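Contents: one structure, followed by commentary.
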Amino acid sequence: MSKRRTLAWCAGLFGLFLILFYIQLTHGSIHLTAAQVRATLLGHGSAQDKLVLLQFRLPQVALSLICGLCLSISGALLQVVTENPLADTSIMGINAGASLGAVVFLALSHNFAGLNQTLALPLCAVAGSFCGALLTFLQHRQQNPLQLLLVGVATGTLLNGVILLIELQLNQFDFDKLIIWISGDFWNQDWHYIGVLGLAFVILLPVLLLALHGSDLLALGPDTATGLGLATNRKRKQLLGLAVLLAGLAVAGGGAISFVGLMAPHLARRCVGSRIGHYLPVAALLGVDLILGAAILAENLFAPSQLPVGLVVAVLTLPYFMLLLTRQSALNEL
Amino acid sequence: MRHRTLVTSLLVGLLVVAFILDVCSGPTWFSPLALFHPRSTLQAQTITSIRLPRALAALIVGSALAVSGQLLQTIARNPIADPAILGVNSGANLALILGTILGVPFTMAARFGLALLGALLAFGCVLGLSMTQRGLAPLRLILGGTIFSGFLVSVAYGLSLLTQTTARYRNLLVGGFSGTTYDAVKWLLPIAIIAAAGIFWLKNDLTLLALNDQLSQSLGNRTTRTRFWTALIIVLCAGASVAVAGNIAFVGLGIPQCIALISGQRFKQTVGQVALAGGAFLCLGDTLAKAARPPFELPLGALTAILGGLFLFIFLGRGQGVRYE
């Protein structure tokens, strides 16, 4: 029964993705008709259409896909590992760490002019996200889910203070660049770059599927899970490492986009129940739809000026989070 | 009792020293004697029209922030509550940005009005969200406040991006007392006096609030009323501070905790010490911001944010004192 429901939801969300995909390709400051899109994709559109579609709009779709998948899966894994329905990359200090990495790179990049920005910036960001996660989880010795959340807030505050100190030393140009990065945007739409990210995700995917085996048992609590034959600590570490890697990928693609990892798994659990094999695909598709929708809004809402995607995502998802907090049931889950 | 007098007099001494240091420091250091016998008219003018108002503002803002932090921790019954974390500051910031965009003249009066309004609205939202039938839920207050604060920051940034006022936005982020005039002090002083009077009026109720609600009520405390007026005082203090000095973290969080380590937790007996320590801390912070790398100034907002984060981190790491329910 639940399997059929999962399939139905997946189909529905995929349909929504196709609709959003179509809107994203046709709408923008230059409007394209369906016929033009088809002609261009088949290889005989005008030069302008080709440029708009292949260099601007398709990369955005691809990046939405990667970021949405990575963020929502990473959020879901974090929630499983910490047994905390409110865990998210932005709350655990991972986003702040990644931002710090990027800030440090931008601040120092004038000294090392030879560095390749397209490669070094995401690397710094990923390294930063690992540091942020490490700080949070090292500090969190007791297995108290709430304390983890508070430690995450503390890590975020600390790292954001350092970010502020560094970013105020930058010139206005770098400052603007940085702050867009921090709010989350598809800052690099180069196909090679997207290819590297996609490849990394494809490599991680089978590892993820292997690691998921038995992770449902974690929800029963450590004692029961161990009793049922699961190496609880090892499984936790595996999933956590994967979650941070995926978050790092997402950060490399779209900057510090927050709250997708919180909202998508949560909604998915509500739709298809709490077995990870069932809700993970739904959550992943939801995440993609959410980011793609936000990207469309960011581009068209206040045209001709554009907003960073992450900002729109935050404005879309935060009310949901606040709603979640105000409901007694959500807090009882803690 | 004797312990308390000793600590208080030490803090008064510290405050005086910090204040004098703040007045003497700057791109060029003046000797403390110059305060009474300035060597030139230039020096006299610098002291009276630039450094004195600045130090006064730092002192008042420091006290106001520290006390508002203590008030918040008292009504939320949670030692990690801080106006900067709970959306009060970001509400005031958002209001200031909106005012800039709508073309409100950037006078002191307008700034205070906007900041207070923004702080009031934001804090009202956060408090409303964290209310349950059983009263204020401390955990909800912290989490909801953090998230709501992030939301407000996003909106403020989005607005300034759309209207191409990111340079202004950046100035708001810096925080600090450069360019403070007597105008600001003139506005700060009455607010500080009102807040002090309010705290004096509420001091017994607030001390009782540290007990649990039922006990406190049975001792004759109307807890809801106390919380309401206290929240207003917090908004007044925090909003005024943002209007003058921008986003300054740590003071509200760390100072009351440090004082609690020395003199215990009872509100009535520690609130004065918290105010003294807050003023002294911010005067010292301002001195550091001015004197560390002359002729540039370090951003005080960033300095205090790092301190605040570190403090929170250590505090939570020791794993004590955080009440979860």
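Glycine residues also receive a Cβ, built from the backbone N, Cα and C atoms like all the rest.
Automatic prediction, not curation, is the source of TrEMBL annotations.
Listed in TrEMBL:
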- A:63-81: transmembrane segment (TRANSMEM)
- A:93-113: transmembrane segment (TRANSMEM)
- A:119-138: transmembrane segment (TRANSMEM)
- A:145-166: transmembrane segment (TRANSMEM)
- A:191-212: transmembrane segment (TRANSMEM)
- A:239-264: transmembrane segment (TRANSMEM)
- A:276-297: transmembrane segment (TRANSMEM)
- A:309-326: transmembrane segment (TRANSMEM)
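Using a Cβ-Cβ cut-off under 8 Å and counting only residues 6 or more beyond its ends in the same chain, the transmembrane segment (A:276-297) has close neighbours at 2-3, 6, 9-10, 13-14, 16-17, 20-21, 23-24, 27, 60-61, 64-65, 67-69, 71-73, 75-76, 80, 186, 212, 215-216, 254, 257, 260-261, 263-265, 267-269, 307, 309, 312-313, 316-317. Between the transmembrane segment (A:191-212) and the transmembrane segment (A:239-264) there are at least 3 Cβ pairs closer than 8 Å, counting only pairs 6 or more residues apart in sequence, which means the two stretches are in contact. When each of A:145-166, A:239-264, A:309-326 is scored by its Cβ pairs under 8 Å to the transmembrane segment (A:63-81), the top-ranked stretch turns out to be A:239-264. The stretches the transmembrane segment (A:93-113) and the transmembrane segment (A:309-326) are not in mutual contact, being linked by fewer than three Cβ pairs under 8 Å (pairs 6 or more apart in sequence).
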